[in-house]
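Annotated features, as they stand in Swiss-Prot:
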- 1-30: signal peptide (SIGNAL)
- CYS39-CYS89: disulfide bond (DISULFID)
- CYS55-CYS75: disulfide bond (DISULFID)
- CYS60-CYS84: disulfide bond (DISULFID)
- CYS64-CYS86: disulfide bond (DISULFID)
Amino acid sequence: MKMAKAAATNDFGFITCLVIFLVLAGISNGMRMTQKVSCIEGRTLWARPPKFFYCSSTLCEDNCINTGAYRGGTCDMEDEVAICRCHRCKKII
């Protein structure tokens, strides 16, 4: 009986460590800077149907800033499609 209890405890510890590792790995990947893109004023970063995605200018602006080439972005609805366009290019020295 003690062996079964010990095995269950080891499985629980392993699963706990695995979950912690996956969470920390996901957080560190989320903080990593994305690949820089060349700056084209008004570039469309993404276009998604509103059935799956609502137009969020805050999310769009964050996505544009994370590319490293823009200072802002706006989300607009065109023909029932949410379109994120990036604006205000950064000067790359």
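Each residue, glycine too, has its Cβ placed from N, Cα and C.
Structure coloured by features recorded in Swiss-Prot.
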{"residue": "CYS39", "record": "disulfide bond", "DSSP (3 states)": "coil"}
{"residue": "CYS55", "record": "disulfide bond", "DSSP (3 states)": "coil"}
{"residue": "CYS60", "record": "disulfide bond", "DSSP (3 states)": "helix"}
{"residue": "CYS75", "record": "disulfide bond", "DSSP (3 states)": "strand"}
{"residue": "CYS84", "record": "disulfide bond", "DSSP (3 states)": "strand"}
{"residue": "CYS89", "record": "disulfide bond", "DSSP (3 states)": "strand"}
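When the disulfide-bonded residues CYS60, CYS84, CYS89 are screened for a C-alpha within 10 angstroms of the C-alpha of CYS75 (disulfide bond), the residues that qualify, in sequence order, are CYS60, CYS84. Proximity of CYS55 (disulfide bond) to non-local residues of its own chain (separation of 6 or more, Cβ distance below 8 Å) is seen for CYS75, ASP76, MET77, ALA82, given in sequence order. Within the same chain, residues at least 6 positions away in sequence whose Cβ sits under 8 Å from that of CYS64 (disulfide bond) are LEU45, TYR70, ARG71, GLY72, GLY73, CYS84, CYS86, HIS87. Rounded to the nearest whole angstrom, the C-alpha distance between CYS60 (disulfide bond) and CYS89 (disulfide bond) is 15.
Long-range Cβ proximity for CYS89 (disulfide bond), meaning a same-chain Cβ under 8 A and a gap of 6 or more residues, is found for CYS39, ILE40, GLU41, ALA69, TYR70, ARG71. Each of the disulfide-bonded residues CYS39, CYS60, CYS75, CYS84, CYS86 was scored by other CB atoms within 10 A of its CB, and the lowest score goes to CYS39.
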